[in-house]
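For reference, the structure discussed in these notes is given below.
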Amino acid sequence: MKMLLKDILYKVNLTSVAGDMGLEVTGVQFDSRKVEKGNLFVAVKGTQVDGHEYIDQAIKQGAMAVVCEEMPFEPAKDVTFVATKNSSHALGIIASNYHGNPSAKLKLVGVTGTNGKTTTVTLLYKLFRSLGYHAGMLSTVENVINDKIIPSSHTTPDALSLNELMAKMVKEKCQFAFMEVSSHAIDQNRIAGLSFDGAVFMNISHDHLDYHTTFENYINSKKRLFDELPASSFALVNLDDRRGQIMLQNTKAAQYSFGLKFMTDYKAKVVTNSYQGLELDINGQSVWFRLIGKFNAYNLLAAYAVAELLHEDREEVLMMLSGLEPAPGRFEVIQAGSDIIALVDYAHTPDALENVLQTIDGFRSGNEQVITVVGCGGNRDKDKRPVMASIAVKWSDKVIFTDDNPRDEESKDILDDMMKGVGKSFVKKTLVISDRKEAIKTACSMANDHDIILVAGKGHEDYQEIKGEKMPFDDRKILKEMLELFRS
Ligand SMILES: CC(=O)N[C@H]1[C@@H](OP(=O)(O)OP(=O)(O)OC[C@H]2O[C@@H](n3ccc(=O)[nH]c3=O)[C@H](O)[C@@H]2O)O[C@H](CO)[C@@H](O)[C@@H]1O[C@H](C)C(=O)N[C@@H](C)C(=O)N[C@H](CCC(=O)O)C(=O)O
Ligand SMILES: Nc1ncnc2c1ncn2[C@@H]1O[C@H](COP(=O)(O)OP(=O)(O)OP(=O)(O)O)[C@@H](O)[C@H]1O
Ligand SMILES: N[C@H](CCC[C@H](N)C(=O)O)C(=O)O
Ligand SMILES: [Mg+2]
């Protein structure tokens, strides 16, 4: 699709220009390897390399225009160079302009938080579909436009991909879009230029310190989502998390709160929490839901509050929400015809793991054992490894530490980091089996009727990433297979 450079750069803060702004570009790229003849190349400083190093390559591949932060000494002839203070921010606006500002044509709600984003946006997407609307969703599990699934590679896609997806939503007549907003996406300006109608803060707890380096930076990156909301939008925060209030400090948006503990605009009380589901009292009305665990009360309440803030009918919303299934791989019960309770969950943070294990603990009625299989991702926050391990041993009778996407790291190093969190008295209940299939098999071999097996960390993922390769691996399939093996 062709577009005039000056139109593509509309609202981008330019510090200098060299060349023709009236030229027509054939597309936009921020990766030189993907540049085609006539494209605009946006040079972005990344975490690994600096995109400015690839300007020459982009021009060789046919780039006609370049957005950069530093003008080269000798800009190439016949190529227009424009400088801006922050290329990644410019990229967000450019991507939005290039795709016709699709977010402004949708009612767009972003959900941020360490845990609960996928669950909440999935509930919202399904809710609005069942209310009869055309709607889209961008999530860790999948991107969906009405009923069309588009595989997802990130929790929040890069600026070009996400605007392209939203343009498709507009084309498919979607009125609503619900998206997860990761802290990486905020920090890297993937969401710059989007026009939000509302944003939700779920919670913040230990994660991603490899990237943000300090917890304060992590909080501040989430806060930026709320700081940059327009006055016409809403900011909905969980006040049971003490950082909820911080999110509201500088927002221009209309402020709303939800929670289980304090006086909030949207308040719920857990009446019943069991393997059958959750019974919540929401603002005085009792409703059953299919999701399990107190933590899911927050996700359900947030989805309910968003629907109300988007002016949907309260009764209808609660009725529809009540029938919805959880997102795939979130507290998913694996049925294999045995009396063992087998669960797959995406808990990959200390807080998530503790929530899930506490939930399971609360359901114990006798001497059943809890057997947990868990690992920690490679090339990710190392500090959370011993913390997750200590939570696993605290709440389980037996624990098997295993691989979870070791990526470029040695499996042994990750498992050693985890073992540092296991106090001496707990070592005897701990096994280390790096091969995840073997670990699940061992858990199944140890389990007796009514015991509970939790396989945590990978949820819906259908791969194991080792040294740049993604091998097929699905906890849900392996767990079922192994349960069946030991049943016969
Ligand atoms: C750490 C991180 O977030 N990295 C993301 C980032 O890449 P980067 O900054 O490392 O890029 P880089 O390799 O340094 O390259 C810098 C620039 O040079 C360009 N380049 C590079 C090489 C070349 O030959 N030519 C060229 O032009 C690149 O296209 C890029 O524009 O920008 C890329 C494009 O948007 C992302 O794909 C990439 O995600 C990586 C793969 C990743 O694993 N990200 C994870 C951590 C992530 O984003 N996770 C969050 C969810 C977290 C959660 O909530 O749990 C997510 O939203 O998915
Ligand atoms: N509101 C919540 N508070 C705390 N823990 C939660 C909450 N909701 C879900 N969890 C736990 O966190 C796990 C991940 O949930 P979910 O996928 O909804 O979160 P997410 O924020 O999308 O995660 P990601 O950052 O990987 O995208 C769940 O499997 C569960 O263990
Ligand atoms: N969005 C999270 C997912 C982690 C999932 C876990 N299975 C892992 O690979 O660490 C991340 O990219 O950090
Ligand atoms: Mg998610």
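A Cβ is built for glycine as well, from the same backbone N, Cα and C atoms used for every other residue.
If you check TrEMBL, you get these features:
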{"type": "BINDING", "residues": "Gly113, Thr114, Asn115, Gly116, Lys117, Thr118, Thr119", "note": "ATP binding site"}
{"type": "BINDING", "residues": "Arg380, Asp404, Asn405, Pro406, Arg407, Gly457, Glu461", "note": "meso-2,6-diaminopimelate binding site"}
{"type": "DOMAIN", "residues": "24-98", "note": "domain 'Mur ligase N-terminal catalytic'"}
{"type": "DOMAIN", "residues": "111-307", "note": "domain 'Mur ligase central'"}
{"type": "DOMAIN", "residues": "329-459", "note": "domain 'Mur ligase C-terminal'"}
{"type": "MOD_RES", "residues": "Lys222", "note": "N6-carboxylysine"}
{"type": "MOTIF", "residues": "404-407", "note": "motif 'Meso-diaminopimelate recognition motif'"}
What are the sequence-distant neighbours of Thr114 (ATP binding site), meaning same chain, six or more residues apart, C-beta distance under 8 angstroms? Met202, Asn203, Ile204, Ser205, His206, Asp207, Thr349, Asp351, Ala352
Listed binding-site residues: Gly116, Thr119, Arg380, Asn405. Which have a CB under 6 angstroms from an atom of ligand 2? Gly116, Thr119
I'd like to know which of the binding-site residues listed (Arg380, Asp404, Pro406, Gly457) lie near ligand 4, counting only a CB under 6 Å away. none
Among the binding-site residues Asn115, Arg380, Asn405, name every one whose Cβ is found under 6 angstroms from ligand 3, counting any of its atoms. Arg380, Asn405
From Gly113, Lys117, Asn405, Glu461, the binding-site residues whose CA lies within 10 Å of that of Lys222 (N6-carboxylysine): Gly113
Helix-strand-coil residue split for the motif 'Meso-diaminopimelate recognition motif' (404-407), DSSP-based: 0 helix, 1 strand, 3 coil
Fewest C-beta neighbours within 10 angstroms among the binding-site residues Pro406, Gly457 belongs to Pro406
I'm trying to understand the geometry here, so how far is the Cα atom of Thr119 (ATP binding site) from the Cα atom of Glu461 (meso-2,6-diaminopimelate binding site), in Å to the nearest whole number? 15
Could you count the residues of the domain 'Mur ligase C-terminal' (329-459) that DSSP puts in helix, in strand and in coil? 51 helix, 26 strand, 54 coil
